[in-house]
Amino acid sequence: MASLSTVLVPLAALLVASLTVASASNFYNDFDITWGDGRANILSNGELLTLNLDKASGSGFQSRKEYLFGKIDMQLKLVPGNSAGTVTAYYLSSKGSAWDEIDFEFLGNLSGDPYILHTNVFSQGKGNREQQFYLWFDPTADFHTYSILWNPQRIVFSVDGTPIREFKNLESMGVPFPKNQPMRIYSSLWNADDWATRGGLVKTDWALAPFTASYRNFNAEACVLSNGASSCGTTTSPPASTSNAWFSEELDSTRQERLKWVRENYMVYNYCKDVNRFPQGLPPECGMS
């Protein structure tokens, strides 16, 4: 795909660049249910979406729009009780064998044991950048906001506005960074009891099915791709406006302190510390984290 900075953009697209989020989110307008044979439902006049999982099938949905950089928020309430064996995935992804992907995955657990929030970044088909966290609250008791900031300089994963992970653009060190492939938003609830909980030792208890995850308050401040043109003009210099501040957003000192707090107290796995996994040496970005 050609770099979007070389694509001529219609004047109309430039004029609406600051309006990349048109109106209050509505799941009927913003998403398509893609699988599940009736197990996914849009409720409350489009304000709520639920995914269900039973022994026969899970379910999933995807965004109608494609994005190339953006700030994406979604509120989720995860499967309550004994969620062992289940995975709720919420991520951005492109298509093809050399795809890009930015992942949140919520790994279920036995009642009373914490969920694991699994994150990963793929670029040009290469992942293996897993970092995992416990959360500092019960993600099944209420809705919480899970956000992805993706701009040309960095990817930041946040929970209720608190950053938990930053993946910087280190192309100068030979580290591929997602920047050329538009991505859709995907989410699914599915059975992964061969690996999700304690390495597959704990299986899904189907007597508790159906399992349900709920979604609301989707928001996207983003560059939307349509017919090869970006609503932000070019990917190097979108029109200046307050609503495009995310395009050059970075972590200020307060958010850096919050990031440090999360990583010191709630991180449970970091690929950059797993020397046994990388006997030839840790990935180059690990020296910068």
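Every residue gets a Cβ built from N, Cα and C, even glycine.
Features reported for this protein in TrEMBL:
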type	residues	note
ACT_SITE	E101	active site, nucleophile
ACT_SITE	E105	active site, proton donor
DOMAIN	2-215	domain 'GH16'
CARBOHYD	N109	N-linked glycosylation site
SIGNAL	1-24	signal peptide
Would you report the average pLDDT that the model assigns to the domain 'GH16' (2-215)? 90
Roughly how many Å separate the Cα of N109 (N-linked glycosylation site) from that of the residue listed as 'active site, nucleophile', to the nearest whole number? 25
All chains considered, the count of other Cβ atoms within 10 Å of the Cβ of E101 (active site, nucleophile) is 18
